[in-house]
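Participant: Got a structure for you, questions after.
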Amino acid sequence: MKIAVLLSGGVDSSVALYRIINKGYTSIKCYYLKIWLEDELSYIGSCPWQEDLNYVEAVCSKFNVPYEIINFQKEYYNKVVSYTIKELKNGNTPSPDIFCNQRIKFGAFFEKINEQYDLVVTGHYAKIQTKDKKFFLKQAKDKIKDQSYFLSHLSQKQMSKLYFPLGTLLKSEVRQIAKNINLPNKNRKDSQGICFLGKIKYNEFIKYHLGEKKGNIIEKETGKIIGTHNGYWFFTVGQRRGIKLSNGPWFVIEKDLEKNIIYISHNENYSKQAKRKFLVHEIHWINGTPSDFENFKIKIRHGEKKYSCKLKLIAKNLIEISLNKKDYGISPGQFAIFYKNTECLGGAKIFKVME
């Protein structure tokens, strides 16, 4: 069996490689996908990809496995970054990492290797199970690290080639394995934030592409102007960090795109702006449309929290979702990801928040 392993330079993908080797497979080649935008934005921050590559080289040397670098910066910009910029300009809250997996790691990369390999291995925290020649995406053992949210838009064809060796492990167990076998990157910290930015701050990326435009910050309850901001595209509904005003905490509860106004509220009044009903479209089902929508739960952001909900099919590509509890940060552009027990069924894009 010929196996391709996607190495990032981090601990997770390195332990995934080790576990495949430990199973006795020998026909293995590693790939590092270069998608960072920091060549373009090098004046903003330091470039991590050389550091990543140093760790990739060290890990491959330890296990005597060949590796290759593939540059996907152009594809990434066209398929993921341009979408992110467009969503921000439209006042939405994008989820670029979902498309990173669908369109680049398991899209452009699969096209590049063109059926050369029987299996592609990564360090994602998720599980793929097979039944009756169909593939099912399941949550990882580690519910905190679980990445099924970001893998929710995979196709059956993509899943047929994938294996996630870390799906049955806790992060603490992965760290311990790295120490036990003395991996070169055993003490490296986990990466944070959006995958294509590296060490670039998100707001610097936004500023580079969309610029700045002064606008007012208004307290929702009083209508009083209590500050200014540099553009609505820097803010998302539910945001608390980065408002930088005294007498907090403050939360972003509404955006007026036409007037470039950010509305904020104190925590004690914030619940009045919470919503529970919204519409989603651009629906993707991993195993086709379910026969019923009973006992569904959804996530509206990466993390452990799931909501019980009711789903109502309005049209072929339109679903109304009603949560059992209100949420403070539902925003157009986010993705609602569907679950039944531990199975991830797919997801859809939020485009209208109702009540």
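Each residue, glycine too, has its Cβ placed from N, Cα and C.
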Participant: From Gly24, Gly91, Gly107, Gly123, grab the residue that Swiss-Prot records in the same ATP site as Leu6, Leu7, Ser8, Gly9, Gly10, Val11, Asp12, Ser13, Leu33.
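Facilitator: Within the candidate list, Swiss-Prot flags Gly123.
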Participant: Quick one: which of these binding-site residues, Ser8, Gly10, Asp12, Leu33, have their CA within 10 A of His124 (site 'Interaction with tRNA')?
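Facilitator: Asp12, listed in sequence order.
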Participant: In Å, rounded, how far does the Cα of Leu6 (ATP binding site) sit from the Cα of Cys100 (active site, nucleophile)?
Facilitator: 13
Participant: List nothing but the largest Cα to Cα distance in Å, as a whole number, among the residues Leu6, Leu7, Ser8, Gly9, Gly10, Val11, Asp12, Ser13, Leu33, Gly123 that the record says bind ATP.
Facilitator: 16
Participant: Would you identify the secondary structure of Asp12 (ATP binding site) according to DSSP, in three states?
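Facilitator: Looking at the DSSP assignment, Asp12 (ATP binding site) belongs to a helix.
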Participant: Tell me, by DSSP, whether Leu6 (ATP binding site) is helix, strand or coil?
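Facilitator: Assignment for Leu6 (ATP binding site) reads strand.
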Participant: Give the residue from the recorded positions Leu6, Ser8, Gly10, Asp12, Cys100 that has the most other Cβ atoms within 10 Å of its Cβ, counting over every protein chain displayed.
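Facilitator: Per the Cβ count within 10 Å, the most buried is Asp12.
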Participant: Could you measure between Ser8 (ATP binding site) and Cys100 (active site, nucleophile) for me? Cα positions, answer in whole angstrom.
Facilitator: 14
